[in-house]
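Some features that Swiss-Prot has for this protein:
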- K12: active site (ACT_SITE)
- D141: active site (ACT_SITE)
- P99, L100, A101, A102, G103, I104, G105, G106, G107, S108, A109: ATP binding site (BINDING)
Amino acid sequence: MSATMRETGWAKINLALHVRARRADGYHDIETLFAFVDGGDTIEAALAATDTLVIDGEFAEGLSSGADNLVLRVLALLRARYGADRVPPLAVRLTKRLPLAAGIGGGSADAAAMARLVRTHFLPELGDATLARIVGPLGADIAACVASTTCMGSGTGEDLHAVAGLRIAGVPVLLVNPRQPVATGPVFAAWDGIDRGPLYIGTDYRAQLIGARNDLQRPALAACPAISDILLELGALRPWLARMSGSGATCFALFDAAADRDAAKAVLAARHPGWWLMAGALR
């Protein structure tokens, strides 16, 4: 495919995730601080006679390239809303670099990347908030992934707002996954129902993040004990924060310096060649 358009599905992490209540509709009220890493899946697209999707990359196996894929659903939704004259058919290639069912956005990041690609090239009048409102209902975290910038999420995670004075762009981060998928639904279902209090993040974000938590970590450990091993190993490599993201199994560590992050990655790569590792910085 001769690609003329390109976007990145930035990896999402939950720097903290407080579960506050189980709702009558089966969903949960949460408070979370979303952040994004400067790496992820890539989407390339070119004008075509009809929509097509090809998926390649390390984590392509088992993914559907049919109309049920979120990438094509976003394309179809925007075309239905704005017309085929404004949103033409595209041949799309999705390169999967992020593990699946891993707590770092994955399909939501890809859907948001497709939405941004269409916006950039065909619907430039759409702002992030409008785009998120349109495509957000297609899946959890898509609304946050549209802008892919640090923000607080509440409700089911789709009520988004900025945190005044929070400047964490450029913080070195290391992502680690044991290559074991963890389904989100069962982890939320196994939450113990105890509200352990709200999430507050202000300008003293380091101390506040250290004092925060991921309430899904305990139920995720039951599904994937390797999470405990990862957190123990990360903690020994002296980050200022190590925590599980989302419903797992990916864990992250934040460091003071890129050299410390890179040294930690080298240690883990040597000790655990089967683990997936990605070094980057927060956007």
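Placement of Cβ uses the backbone N, Cα and C atoms for every residue, glycine included.
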Item to check | Non-site residues, in chain order, whose CB comes within 8 A of the mean position of the CB atoms of P99, L100, A101, A102, G103, I104, G105, G106, G107, S108, A109 at ATP | outcome: A11, K12, L98, G246, T250
Next on the checklist: Can you tell me the CA-to-CA distance separating K12 (active site) and G105 (ATP binding site), as a whole number of Å?
Outcome noted: 5
Item to check | Integer Cα-Cα distance in angstrom, A101 (ATP binding site) to D141 (active site) | outcome: 13
Next on the checklist: Check the DSSP secondary structure of K12 (active site), expressed as helix, strand or coil.
Outcome noted: strand
Next on the checklist: Rounded to a whole angstrom, what is the C-alpha distance between G103 (ATP binding site) and D141 (active site)?
Outcome noted: 10
Checklist entry - What Cα-Cα separation, expressed in whole Å, is found between G105 (ATP binding site) and D141 (active site)? => result 7
Checklist entry - About how far apart, in whole Å, are the alpha carbons (Cα) of D141 (active site) and A109 (ATP binding site)? => result 8
Checklist entry - Hey, of the binding-site residues listed (A101, A109), which one tops the CB count within 10 A? => result A109
Checklist entry - Which of the three DSSP states, helix, strand or coil, fits A101 (ATP binding site)? => result coil
Next on the checklist: I'd like the number of other C-beta atoms within 10 A of the C-beta of G105 (ATP binding site), please.
Outcome noted: 32
Checklist outcome for this item: According to DSSP, A109 (ATP binding site) sits in helix
Item to check | Neighbourhood of P99 (ATP binding site) by C-beta distance under 8 A, where only residues 6 or more apart in the same chain count | outcome: F59, G106, N177, R179, P181, T250, W276
Checklist entry - Which ones in the same chain are close to G107 (ATP binding site), with CB under 8 Å and 6+ residues apart in sequence? => result L70, G139
